[in-house]
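Listed in TrEMBL:
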TRANSMEM  7-24  transmembrane segment
TRANSMEM  44-65  transmembrane segment
TRANSMEM  77-109  transmembrane segment
TRANSMEM  129-151  transmembrane segment
TRANSMEM  163-185  transmembrane segment
TRANSMEM  240-258  transmembrane segment
TRANSMEM  307-325  transmembrane segment
TRANSMEM  331-356  transmembrane segment
TRANSMEM  368-392  transmembrane segment
Amino acid sequence: MEFSLRNWIGLFLLGSINNLPYVIVTSAAKTIADSFDKRNDVGVVFGANVALSVIVKAINGLFLLKVPYWIRYVVNALLMVIGLIGVAFAFDFWFAIVCIVVVGSSAAFGENVALGYLRLFPSKSVNAWSSGTGMAGILGSAIYIIFGCSIGESNKTSQLKTLTKYAFLLTLPAVLVYLIAYFIIIKAPKPDDTTHKSQPSIQKPLDEEEKPLLQDTDIETSGTVPVESVCQRLRRCWGLVWWLSINLCAVYLFEYVAQGCAAKVRPKTEYNKGCPELFAALSFCYQAGVFVSRSSVQMFQIKRVEILSLLQLINMVLWIFDVHYKFIPVYLLPALMIYVGLLGGASYVNIFYLLLHEDKYPEEDREFCINITSLFITGGIVLGTVLETILFNTILESD
């Protein structure tokens, strides 16, 4: 299938809006915690955003591959609406956390559905989706900055709650655009036009393209060849994706700790004031870096993704030390946070490009391999938020 600008725009919009509520939560994490007098629980907000991600991704990968894409997209849109309204009108911290769980579940489910959907398109179409998710970061953090500036300098919890309320309500109309992108803008290729490369490939029957991943291990095909069990398939596919999965987990772990540290790298008096507010400004810088690197795969590809993981580890250590010693001048923090975003975004887009492009991943297993790998995004975020919460409530509590 030839490159389609129409589909590129549609996939870009899907990525932008799928991740927008999630990113607003990330940008608002400090404000949400502060508005309920929970300054040291920023990591809890981050953690809630991914609390059920593994579960919803596993449900999609194991049980829903035969469910039409349109149904899964509609369900995801409903989850977005419920989460956004819930966070906007949260009456206490833990109710807000429950609603954030819904927001994060929507982003995770939508991501898994979209990455599987991308197998119907040329492999470089992942750039449209990933660039859209990067734009979601720009939009989400910009929305929060705009509302923060409109409220002005304040540490009053009532005004911080007002900021949260309207930032989330403003995002609701975007859900309609999400549905328009899928149902109207995107024109999925026909079944005989889904190859990833120019060389011919054998097209599977439609009833096999989205076969469930759980099989009855006692059934045999053609009377002689046993059907591969889900455990056997998982073990075989894990052998293909383990290195990419571990690197994706690591880079997310390191970047989420670094990003969380932005809430405490300066004295408390420097936050919740100015326009833009410091944490919101650093979140915007992070998202700008993510957007640039997630849009880069059509220009160049990186196969040695472990280099990105190592560089992000160095970043994390630097930010942790700065929380305690505060030795980095405030004017250097934006550039360093952009760098964090660049590494994280580059790892994401290149890993999924490799999964969609390289011949080592069989066509019949490609979506399963993608589902396995994407679970490690959640693993990295969970580990990162746990580590951050432990640090903030122990050795970095007084910083």
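Start at 1 and count along the chain as shown; that gives each residue its number.
Glycine residues also receive a Cβ, built from the backbone N, Cα and C atoms like all the rest.
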Which of 77-109, 129-151, 368-392 shares the most C-beta pairs under 8 angstroms with the transmembrane segment (7-24)?
129-151
When only pairs 6 or more apart in sequence are counted, do the transmembrane segment (240-258) and the transmembrane segment (368-392) reach 3 or more Cβ pairs under 8 Å?
yes
Grab the same-chain neighbours of the transmembrane segment (77-109) for me: Cβ-Cβ under 8 Å, and only residues 6 or more beyond its ends, written as numbers and ranges.
18-19, 21-22, 25, 32-33, 36, 38, 41, 44-45, 48-53, 55-57, 59-60, 164-166, 168-169, 171-172, 175, 178-179, 378
Should anything in the same chain at least six residues away from the transmembrane segment (129-151) have a Cβ under 8 Å from its Cβ atoms, list it; otherwise answer none.
11-24, 26-28, 31, 111, 114-115, 118, 159, 162-163, 166-167, 170-171, 275-277, 280-281, 283-284, 286-288, 290-295, 297, 341, 345, 348-349, 352
Who are the long-range neighbours of the transmembrane segment (163-185) in its own chain, taking Cβ under 8 Å and residues 6 or more past its ends?
6-7, 9-11, 13-14, 17-18, 20-21, 24, 28, 31-32, 35, 69-70, 73-74, 77, 80-81, 84-85, 87-90, 140, 143-144, 147-148, 151
